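Straight from Swiss-Prot, the features:
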{"type": "COMPBIAS", "residues": "1-13", "note": "compositional bias 'Basic and acidic residues'"}
{"type": "COMPBIAS", "residues": "49-73", "note": "compositional bias 'Basic and acidic residues'"}
{"type": "COMPBIAS", "residues": "90-102", "note": "compositional bias 'Polar residues'"}
{"type": "COMPBIAS", "residues": "204-216", "note": "compositional bias 'Basic residues'"}
{"type": "COMPBIAS", "residues": "218-235", "note": "compositional bias 'Basic and acidic residues'"}
{"type": "COMPBIAS", "residues": "236-253", "note": "compositional bias 'Basic residues'"}
{"type": "REGION", "residues": "1-76", "note": "region 'Disordered'"}
{"type": "REGION", "residues": "90-111", "note": "region 'Disordered'"}
{"type": "REGION", "residues": "204-270", "note": "region 'Disordered'"}
Amino acid sequence: MSEFKIVSRKDLYNEGEGLGEDYDSNSSSKNNSEHVEVLVPPTEFEFVEVERTDSSLDLKESNNSAHEQKEEKQEEFEFPLFSFGVVEASTSPAQEEQGSSTQEKDTPQTEVSLMKISLKEPEEEIINQERPKDYYFASYSADQKLQFQQSSIDYDVIIQESTKILEDDLRIRDKWPYCQGRIIDLYKHNARIELEQQKELKIKKRRPGQKQRAAKKLALERTKERDTKAREIKKQLKKKFHKRGGKKNKKKVPLNPLAKAGSTPKFRTE
């Protein structure tokens, strides 16, 4: 510990030469043969430009993936319930026929891997059932909009065309009053139809004359006569073709085929 010297922070930031001289004078009394060098720290900062990279982000992603893999491994574990321990390797049919004891000893043995059970729950699939905006909102190009403007009719155009039609109608009426085409005054037309309907109602409601009343009575009498004659003819036809049998109520005698079995047969010659 005699080789080291306690130096204050103020002495460290002084000039190197003055500090070296003081240190040499003090150390010469203790150890003249040894020479100790003192390193002065730099007082200026060095500015270094470093290009930024995404290594930090890559590290974060790698850490996250490693963490996820670790969690997955923790959720999966081996379950030895259905494992059967050690199973002999399958042999060829020729070796099975030999059945030597040496082959049974030398057969390699393989271990069955244990069943893995995972506690992970299946993630629910998020199905987006929304229709696209094109289904609700139509988007037209500039050419289509121009076509719509050309094919559409404004209010001013309708008024302008209607005035032209009225002018044409007046001109036709003035020049050819007898050839008006389909131009109809609805008020006059409806009034004429109403008059015709009223005339028809009056004709229906008025009382018929004496001759008409007599003709109606005669027609009713003759229709009655025709009906009575038709009924009589129908009755006569029924009596003619639908006669009742006379033996309807006679009692039937049961037939006995052995009633005349003892009688002698009769021939034509007898």
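Every residue, even glycine, has its Cβ placed from backbone N, Cα and C.
Break the compositional bias 'Basic residues' (204-216) down by DSSP state and the numbers are 9 helix, 0 strand, 4 coil. Helix, strand and coil counts from DSSP across the compositional bias 'Basic and acidic residues' (218-235) read 18 helix, 0 strand, 0 coil.
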